[in-house]
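Below is one structure; the comments refer to it alone.
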Amino acid sequence: MAGNTIGQLFRVTTFGESHGIALGCIVDGVPPNLELSEKDIQPDLDRRKPGTSRYTTPRREDDEVQILSGVFEGKTTGTSIGMIIKNGDQRSQDYGDIKDRFRPGHADFTYQQKYGIRDYRGGGRSSARETAMRVAAGAIAKKYLREHFGIEVRGFLSQIGNIKIAPQKVGQIDWEKVNSNPFFCPDESAVEKFDELIRELKKEGDSIGAKLTVIAENVPVGLGEPVFDRLDADLAHALMGINAVKGVEIGDGFAVVKQRGSEHRDEMTPNGFESNHAGGILGGISSGQPIIATIALKPTSSITIPGRSINLNGKPVEVVTKGRHDPCVGIRAVPIAEAMVAIVLLDHLLRFKAQCK
């Protein structure tokens, strides 16, 4: 399995499975002399970790990160940073029924077909639990971006099912409000509707999809390497690598289909851009405007409603998911998406500095 690393100069490699001993990652390319400790990383992990509200999986994990290397006397040394998070609240017995059968909508079938073996406990490597280490690595990237470039990477939940939040204007989003509710939502009226919907889904044993938006502010002009390493291409690659993500939009995204050129083009004046339909990226290079990325996440297939599938022998079976799962995976995906955007931005910033300045 060779797809465990992302980035060129700022490189993140993750390892571990959902019900293994621990999760871990190696982060290469962190510049030296960045003040860093577990306290800088833990807040983002706490935003992602399970069991923090009635809207997410009841699985409880402390998700306490431990830095193993690359930090000396409170500062990064420029060498590889190793981190681990130990798993604690596994209930592997919940997955005995799917040892020889495939859960519909999951990676069980494709992993088995590709490798001829799979860790069926909680999905193994394909579980979203792996993303905890992406969040840990992303927290380092976010800290460096903020302290050295003034770049802020923040996200919010913009839709669950058919419920959409009120339109948000960059620069006017109340980020304290976003972080004060379990849905990471800036619209109080939508929070109440989200609450009602999730309660209903939990009673039904079903799940729902979601959409979330990440905004990176104060990004300088010039990030991105045309033609194959365009900034928007790398952002899409990173965000599509998140479990359950089925679509990525930059700026207006798919809405551009209905726009005319006279509407979509971001006209310029001596005072700057008049609009930001492009989402802060032109020709694959950052324009200096806020970068806006939106992702769509599918409803999880881990539901208690029986579903048809097959077993290892290709025979028809019925599958009822046991274990503990999120009714909407989009809720805990906000810090994950932030992390992936931050990782890509820091990688491109280091590449830009190496080539252009």
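Just so it is clear, glycine is given a Cβ too, placed from its N, Cα and C backbone atoms.
Annotation source Swiss-Prot lists compositional bias 'Basic and acidic residues' at 38-49. For the compositional bias 'Basic and acidic residues' (38-49), same-chain residues at least 6 beyond its ends with a Cβ under 8 Å from one of its own Cβ atoms are 61-67, 83, 85, 131-132, 135-136, 138-140, 142-143, 179, 184, 332, 334-336, 338-339.
Sequence annotations record features per position, and here Swiss-Prot assigns region 'Disordered' to 38-60.
The Cβ neighbour count for R48 (NADP(+) binding site), using a 10 Å radius over every protein chain in view, is 25. Feature annotation from Swiss-Prot assigns NADP(+) binding site to R48, R54; the stated evidence is sequence analysis.
Feature annotation from Swiss-Prot assigns FMN binding site to R125, S126, S127, N243, A244, G283, K298, P299, T300, S301, S302, R324; the stated evidence is sequence analysis. DSSP assigns K298 (FMN binding site) to coil in the three-state reduction, placing it in neither a helix nor a strand. The Cβ of K298 (FMN binding site) has G209, A244, V245, K246 as same-chain neighbours under 8 Å, each 6 or more residues away in sequence.
Helix, strand and coil residue tallies for the compositional bias 'Basic and acidic residues' (38-49), in that order: 11 helix, 0 strand, 1 coil [DSSP]. The local packing around R125 (FMN binding site), expressed as other Cβ atoms within 10 Å of its Cβ over all shown chains, amounts to 19.
Put simply, R48 (NADP(+) binding site) is 19 Å from S302 (FMN binding site) when counted between their Cα atoms. Under DSSP, R125 (FMN binding site) is assigned to a helix (H, G or I) in the three-state scheme.
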